[in-house]
């Protein structure tokens, strides 16, 4: 996975530049005030610092839509250019107005990088380490602040420090970032697939994953094109076909579903479990009525149950279908099977209509893309002559590679497998009707057998003695390429739509009102608002005063360091303390999970704020107050950067469908910047009206509300493919709606 790691590190340099800039302007403003005589003009002084915030807010309003249009990489390139140009203008700034313009340009660059870097990393990272890699922006941002504080502190010790040089140094790392975005960073493979550029997406995935076989993930990315759709949760026991079939009574054979492997004659059988399920998330998909916590979102329960019974790594059943193949033919002499082409939109299989409901029969569940076995409908089909179909029928096999080459894995990460269920029935006119259902399969528990009674299944569904079996839960829904809206336009083969048709459909505002997307927006916007009002700005504002009370300022003054330089050194030390804590969070993000980190760190934030309130209300003596306040501030910082700092951006980059991800992440980022502006400009007013203890008390109340919100509404997304996460949101939203409707 070194390819994905290096790409994430390179992309996260954009956040390093943001942290660098924030720290530099905080130090340079002392000297800017002196040169331009701004002591009597606090508005101009405030604008110099806040102009980048204003620029970031403005650019965020349209960055999402532009990112969905042009791609993620072009906007990262533009971000690096804005950083570079703004730093050169700041280096030149002959007056305060040019400086304000430069700060605005700098804000544009900050807004683009802060918004898009988490999205880019989420779309390129493997599910198993996505949390770790998406914590990198937090680490590099704090690292950039530390390096900048050290640089500015060193320059402040000079006889005549130059604020222009302080701000202009940003051009050097921004030039490196520009070179990396141009020559090293690839475009997001998910965005490429959404635009139908399959060959490019495949090459990027091969580079990121370090292997040739990326067919499973390619198929997954295509399935991510859909927004919404009807999704059901089903559960199966799976065993080798010849073993399970021997245990089935003749009437029961119609109930089982075949799963075909790549080798002819080798197949598995999936049998639906009847009665009340006892396994994993399939057993916990009930309505709000069945929730142990009355107000808890069913979505939280669904996600949580997935992580409860993950199979042991390396177990026999960890690969349900170890050789599922590509959704697309990858034959070397059939390039158009990979690259979507308008010429290949011709109608194929015109004699077969699609089964939109696709629910009347479950004759076969298999990978329809590689199986050498055939369905009864296939046997009636005549191979079409079209040169570019993604659904070609060759050698009696539906969707089989035209050269008969070996097929590849359909694992999609996090223990999930991707498959399709082929259904067929007799139409009113006597013709066979066929359709696909997409299935995300997840093994539950451990592989078992009747020997040892590892699992007790209801209804006597367990195979007979000696039969090895796997329990799997499944998310079953309509494939992204099986579009009811496009069904009458250009169907390619039975029941499928050419991918370029799905890719050509632009995201619209109506997509935001799809239940799953709307549900995700509530989580994303809510956690961004609560993060901003959790007190980080107030604690940052108060830190120099606390450390001054602790005697740090006196100690530095005795060393001959001026008050301005001492303030910078204190800030550098504070930032340095954050780095090891963020490193710990990087390790835990994919182990403990996002939700667990929030639930375990927010109480420490609450305790730290309460102690700060007590320290300001109760006089325990100057030394005791200073010591308690210092410990509280350090504890607050360390826990914030482990949980509430990185997790909101990580979650927002994970929970939205590909087609509207840019638009939704822009809404969340806009919420972040507006909240930042409100908190920054109301803090002085609040300090005047309710005092420091009142401000910290209000922040503590917000943190309590945040913990409750996370506990009830925020699911655990660690280790799950992005497309599966969005499918869960769709399921959860529909369950909530169904419960409300009685």
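Just so it is clear, glycine is given a Cβ too, placed from its N, Cα and C backbone atoms.
Per TrEMBL, the listed range annotated as transmembrane segment is 98-121 (candidates: 2-25, 98-121). Per TrEMBL, the range carrying the annotation transmembrane segment out of 133-157, 208-232 is 133-157. Range with TrEMBL annotation transmembrane segment, chosen from 43-67, 243-267, is 43-67. Note on TrEMBL: of 163-185, 278-300, the range annotated with the feature transmembrane segment is 163-185. Contact count against the transmembrane segment (133-157) (Cβ pairs under 8 Å) is highest for 563-585, out of 74-92, 563-585, 690-712.
Tallying C-beta pairs under 8 angstroms between the transmembrane segment (663-684) and each of 43-67, 74-92, 163-185, 563-585, 624-651 places 43-67 first. Fewer than three CB pairs closer than 8 A are found between the transmembrane segment (624-651) and the transmembrane segment (163-185), and contact between the two stretches is not assigned (pairs 6 or more residues apart). Confidence for the domain 'Major facilitator superfamily (MFS) profile' (7-718), expressed as mean pLDDT, is 75. At the 8 Å Cβ cutoff, the transmembrane segment (163-185) and the transmembrane segment (597-618) share fewer than 3 close pairs (sequence separation 6 or more) and do not count as touching.
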